[in-house]
Amino acid sequence: MSDAYIALADGRVLEARTRSPGRTRGELVFTTAYTGYEESLTDPSYAEQVLTFSYPLIGNYGVRSERFESETVQPRAAIAREFTDDVAEWLDGEDIPAIDHLDTRELVTTVREEGAMACGIAAGEDVTPEDAIAEMEACEPMSDHVDIGAGVSVAEPELHEGDPAGESDVRIALLDCGAKGSIIESLNERGADVHVLPYDATPEDVSAVDPDVLFVSNGPGDPENFVAAKTVVDVFAGELPLAGICLGQQIVASALGGDTEKMTFGHRGVNQPVKDLRTDRVVMTTQNHGYTVADPGPLEVTQINVNDDTAEGLEDDDLGILTRQYHPEANPGPHDSLDFFDDVLAMADSTTEITAD
Ligand SMILES: NC(=O)CC[C@H](N)C(=O)O
């Protein structure tokens, strides 16, 4: 007898083993990352999703909070072929259902062919397949989570001061739509002060911190629902240098007249190849997204995904805009694109010089 079930939107119910009990639902997605489970499980971009690891053994180097990207576990549930006890105990302590001992190859293949889909999980003593089906049937599409930012953003502004040993003295206003901690750290360690503002900050809130750069973070859900952030971008484009990562790129493009669309199953992993069209250089990148910029509006697409040609980098040298669809901060993943943060800070410095002249 199984003690866990996952019901899929395509009508199937799979049996599994409970590692952390509970009933929940969410959008079923997978990551191909083979390390970095602590970072992925604490990445706020996974809110309202059920995260499947395609790598079969998750937890083999323990669980350490230094590697967390936020204070809590973010997906609604986690699935692997095999979780170690360390990970199972962590997720249980956080009340996040976790299941293993199922064929994750089949799950991943299903999502790859049919797309990210609603699923329901029922795990623990006395659960039935019907419990999982009821959860799946109550699962809302991602775009219906219209205020998803509220659950992952700071409630009040916070100042994260830059390292005095860092070279930059740039002041950044970061719209926190669900920011990974290592984005803030990447800026701080270069010396930049980061004013973290709520996802629904107004243009006046941004002006109040008198920033040199406006930075829009990563985050969960459909970018079109981040209405306040789009207004802020629209107001400051051309006035301040603008940067964004992942959801941030999508919000910037959409705010300036472009458009986003949902991908079939997205990009989630640590070996996504990205080509810079200006230099022809290819780097390996960390990714976690289910939407993409379909129309960049007035921005130039300067980087593309080698696998499917989707927009990975947008720029406008005159307006001072620089965004990435992938995660230059890594954590987990390759450090090939850390220089993005240097480029953002350099953009601020050069704009300051232009203004001073
Ligand atoms: N990592 C992110 O910022 C994800 C952005 C957006 N929620 C998407 O899935 O495309």
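Cβ coordinates come from backbone N, Cα and C, glycine included.
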Report summary line: For the L-glutamine site that TrEMBL gives as GLY219, GLY221, LEU247, GLN250, ASN288, GLY290, TYR291, the extra residue out of SER2, SER20, SER45 is SER45
Requested in this report: For TYR291 (L-glutamine binding site) and HIS327 (active site), determine the Cα separation and express it in whole Å.
Outcome: 14
Query raised in the report: For the recorded positions SER45, HIS327, GLU329, which sit with their CB under 6 angstroms from an atom of ligand 1?
Result: SER45
Report summary line: Summed over the domain 'Carbamoyl-phosphate synthase small subunit N-terminal' (2-122), the DSSP helix, strand and coil counts are 31 helix, 44 strand, 46 coil
Query raised in the report: Fewest neighbouring Cβ atoms within 10 Å: which of the binding-site residues SER45, GLN250?
Result: SER45
**Report entry** In three-state DSSP terms, the structure that CYS246 (active site, nucleophile) belongs to
**Finding:** coil
Query raised in the report: Tell me, which recorded positions from SER45, GLY221, CYS246, GLN250 are within 10 Å of HIS327 (active site) if we use the C-alpha atoms?
Result: CYS246
